[in-house]
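Going by Swiss-Prot, these are the annotated features:
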- Cys381: active site, nucleophile (ACT_SITE)
- Ser13, Lys186, Thr187, Lys188, Pro189, Thr190, Gln191, Lys222: UTP binding site (BINDING)
- Ser14, Leu15, Gly16, Lys17, Gly18, Leu19, Asp71: ATP binding site (BINDING)
- 1-265: region 'Amidoligase domain' (REGION)
Amino acid sequence: MARYIFITGGVVSSLGKGLMAASLAALLQARGFRVRIRKFDPYLNVDPGTMSPYQHGEVYVTDDGAETDLDLGHYERFTGVSARQADNITSGRIYRDIITKERRGDYLGATVQVIPHVTDAIKDFAQAETEDLDFVLCEIGGTVGDIEGLPFIEALRQLHNELDRDQTCFVHVTLVPYIAAAGELKTKPTQHSVRELTGLGIQPDILLCRCEKPLPEGERAKIAQFCNVRKSAVIPALDASSIYAVPLQYHAEGLDGEVLRHFGLTAPDPDLARWEDIVDRYQNPEGEVTIGVVGKYVGLQDAYKSLNEALAHGGMANRVKVRVKWLDAELFEKGDDEIAAQLEPMHGILVPGGFGERGTEGKIASVRFARERKVPFFGICLGMQMACVEGARNTAGIAGASSTEFGPTDEPVVGIITEWMTAEGLEKRSEGGDLGGTMRLGAYEAHLAGNSHVANIYGSTVISERHRHRYEVNVAYKERLEKGGLVFSGMSPDGLLPEIVERPDHPWFIGVQFHPELKSRPFEPHPLFKGFIAAAVKQARLV
């Protein structure tokens, strides 16, 4: 029998509900329970695939091709359980499915309403495919009181009423702000947030109180009294030195124990040795490297959330601190002096994915710098494409090389993928098609050349990686690019789609069409990030 933990947020957004859900799931998992985490997103987009990175942050892609919220990345990294399409739902998808059914006549003439049709769809989502689980943690996006979130709150209220009393637990994440002028933590915002939640029919069982100062016992007692919870169920959640220290901190404050107490369960103490190990690696590095990330969305680091974490994983694997220098690609279009000034201090250069023409000449310039100066280079998605364009222009003699994504070109070294094979059959796309849900998404196999650098890094010649792209390096240019020094060391199984390029005449120069950062985990750092940081460590010793 699955038990459900519903996680809501109050007072303000960005309190860390996703990290809290991931940390609690990791603690329950460490006690021997089977867990899965799900995310309810109240926005009306069908998925975040067409949303601006500045609005939404990173789009996290699952093995089965779902474009989801970045919180699912936290879920995977903390639990090691691969997320699926079935773990993320949006209001947009719910309404689309309901309207499709209504047009088809599935409701037999009934009036379609928020209650019961929308709330039933939410409840069905929460309970789907849970037979083999002990705990299902459901995070509700946004803040209690948001208009778009009301159907989700109502659905959870109904679900609590329909399930056995020992099957549900409500955890409310709230803010206890510190007022410096008064020198006090204020509990009133938490009281009002809980009052709003109870007004919607839900009494929280546990309060997780985010605060920047330790929560005094007197304030915990006050919150417990006014919010109608046990004092032991008021859990302080102070800022942590690293997100990977959060599970240890929550365990020390008794969060997982309080959850088990609520459900009337007993379990062995959690084995947290591996969490203690990675926190030790993070807090006590034996060296330091600086990585320059030349991107388009550097004003919002959430746009590169998994990338940032994967670099940290590579650092922990090599016992070094990774300092990330976020560099706006457009600045590199001003000339060589600016490029040299920004990139010379770097021990490694990474060009991540992105869409559109803006900043691409700056990315190409940074690739050239890395190639000529023999600085470790890692290109991901658009970064690989720009590495191929740079190689075409400067080492293969194809002066007008470009991408059709940026406009008409006589030398389309990069072009739109018109068709590719999936498990279901042949997928086809056209230049003028819809943007949403039409990319090459999810996990695909690649075959690696046996004597290549990447095969040595992976320790295998067959790999599976997650993709999210509409454009691809044009295989018709493969022979000319290889004459210029680029080696196509990874291809799709049919040999038509380039997946990896590298330069044998360079200490560490690799471009990949996929997104390896999506599969990196703190306990299993992705081999490419582990290798990239190792190369940066060697570079740091040379300068």
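Note that Cβ sites are derived from N, Cα and C of the backbone, with glycine treated the same way.
Just so you know, of the binding-site residues Gly16, Pro189, the Cβ with the fewest other Cβ atoms around it within 10 Å is the one at Pro189. The local packing around Thr187 (UTP binding site), expressed as other Cβ atoms within 10 Å of its Cβ over all shown chains, amounts to 22. Residues belonging to the region 'Amidoligase domain' (1-265) score a mean pLDDT of 94 in the model. Within 8 Å of the Cβ centroid of the ATP site, not counting the listed residues Ser14, Leu15, Gly16, Lys17, Gly18, Leu19, Asp71, the chain contributes Gly9, Met20, Ala21, His74, Glu139, Val173. Residue pair Ser13 (UTP binding site) / Asp71 (ATP binding site) shows a Cα separation of 14 Å. A distance of 27 Å separates the Cα atom of Leu19 (ATP binding site) from that of Cys381 (active site, nucleophile). Cα separation, Cys381 (active site, nucleophile) to Gly18 (ATP binding site), rounded: 26 Å. When the C-alpha distances from Leu15 (ATP binding site) to the binding-site residues Lys188, Pro189, Gln191, Lys222 are tabulated, the minimum falls on Pro189. The binding-site residues considered are Lys17, Lys186, Lys188, Lys222; of these, Lys188 has the fewest other C-beta atoms within 10 angstroms of its C-beta. If you compare every pair of Cα atoms in Ser14, Leu15, Gly16, Lys17, Gly18, Leu19, Asp71, the residues listed for ATP, the longest distance is 12 angstrom. For Gly16 (ATP binding site) paired with Thr190 (UTP binding site), the C-alpha to C-alpha distance reads 16 Å.
Most other Cβ atoms within 10 A: among the binding-site residues Thr190, Gln191, that distinction falls to Thr190.
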